[in-house]
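**Q** Quick one: the structure is below, questions incoming.
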Amino acid sequence: MKKIQFFDTTLRDGEQTPGVNFDVKEKIQIALQLEKLGIDVIEAGFPISSPGDFECVKAIAKAIKHCSVTGLARCVEGDIDRAEEALKDAVSPQIHIFLATSDVHMEYKLKMSRAEVLASIKHHISYARQKFEVVQFSPEDATRSDRAFLIEAVQTAIDAGATVINIPDTVGYTNPTEFGQLFQDLRREIKQFDDITFASHCHDDLGMATANALAAIENGARRVEGTINGIGERAGNTALEEVAVALHIRKDFYQAETNIVLNQFKNSSDLISRLSGMPVPRNKAVIGGNAYAHESGIHQDGVLKNPDTYEIITPALVGVDKNSLPLGKLSGKHAFNTRMEEMGYTLTEQEQKDAFKRFKQLADAKKEVTEEDLHALILGQSSESADDFELKHLQVQYVTGGVQGAIVRIEERDGALVEDAATGSGSIEAIYNTINRLMKQDIELTDYRIQAITAGQDAQAEVHVVIKNDKGAEFHGIGIDFDVLTASAKAYLQASGKSKTASKQADFEEVK
């Protein structure tokens, strides 16, 4: 039985999804959940890319105790040095170095010859090997690279000290047959194939990321890279939950085992969906809302008689609990904290106290507090505590058929209160115009989404927004409240605050 390692890049490649920006606290929360999930390697970020990313990688390296943490680096000594510094507190640090090997990338992006690329690989892998015990090399755009040159580049990296070779399908170009053949070619040509770890990193542009990853495993790969829910730039990445469950359900075929704790997938998926603002499609394999629903009468009858008739995956396998009991206003701290742990949250003692206080307030307003309410409660607490701006007062003047007005008062992190007013063709526009005046930013709203957290008239509203600033950068915000307008204001204020903070950091870097 072969052992397959799981390499999660939700915090690096997943964050490249337009509009997804995790702050440090959110990244640590995700990393801790990935650790509970049994992920072998967490790619925490790209340390050289920005001071913020460096600090995130550093914080995650310090927080994670039971799996490896890695950082991305180009074939540049400064990148490698920065990664080493960020990962110095990691229990098991690794580094992930990449350089393109396809002709189109070498000619138009790198402006390097094949000989120069090989020389760079040799030098920088050797340099990194002096600092890291585990060095992973990725020949970017491998699936569009000349096969003979790709093999030469891989051999060069191994000879220089690479311990892991990752084969990226960077633009989602290949198919399972071709990708499997590529690994067969590598096995045939690379003399050390069985002595090091080969991995795959697939994108989903043609909808074949999971199938390609499984084809790689069939043909010798012992590490799979991907993200939770398959998030990532463009069409996304290999969805790790799909690969893990496929290996488990079809163990007879793949003859593979993993360290993954399968019943933590639902918690992981929910957490990342809420923090990223990307809802999981209801028909998504493994963790979608309809994954275990049966509409057909014939199917329903069969499942009732024997679930094996139409269910190859049980909900409990991935942590979907259909019998979760709601909490209420009489529930105590022990029951509340136990439920938090079951849902995958790791809270400090103070965070537990704050969360329980908010829970009691929520329980007074609702007859039953469901798991969805609890996710929203923790998410709201986490996001609001990290914000530089807090909504203190909102007043909307509504006239049917007329111009709407809004008055907004916010508190800045230093305690200063500022207030302004503006109008709009609707209540939401009036609120957002007012916040734009307060924040003194040129902001474009690119996405607005509202959903009820639970059913019933006492449901809380959860609003997600994505904005774009004048530099073209996108930021996500979330707001939760019983009042839709208040939730909308909180979401927009949070996204605007992220944009303002990012602009300040960019200005600082430019001056420095």
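The backbone N, Cα and C atoms fix where each Cβ goes, glycine too.
Quantities reported herein were computed from a predicted structural model and do not represent experimental measurements.
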**Q** Which of these, N175, N237, N259, does Swiss-Prot list as part of the Mn(2+) site with D13, H201, H203?
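**A** Swiss-Prot names N237 for this Mn(2+) site.
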**Q** Relative to the Cβ of D13 (Mn(2+) binding site), which residues of the same chain, six or more apart in sequence, are found under 8 Å away?
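**A** The list for D13 (Mn(2+) binding site) reads E43, T227, G232, E233, N237, given in order along the sequence.
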**Q** Other than its own, how many Cβ atoms are within 10 Å of the Cβ belonging to H203 (Mn(2+) binding site)?
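**A** That number is 26.
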**Q** If you count the C-beta atoms lying within 10 Å of each candidate's C-beta, which of the binding-site residues H201, N237 ends up with the smallest number?
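**A** Comparing Cβ neighbours within 10 Å for the binding-site residues H201, N237, H201 has the fewest.
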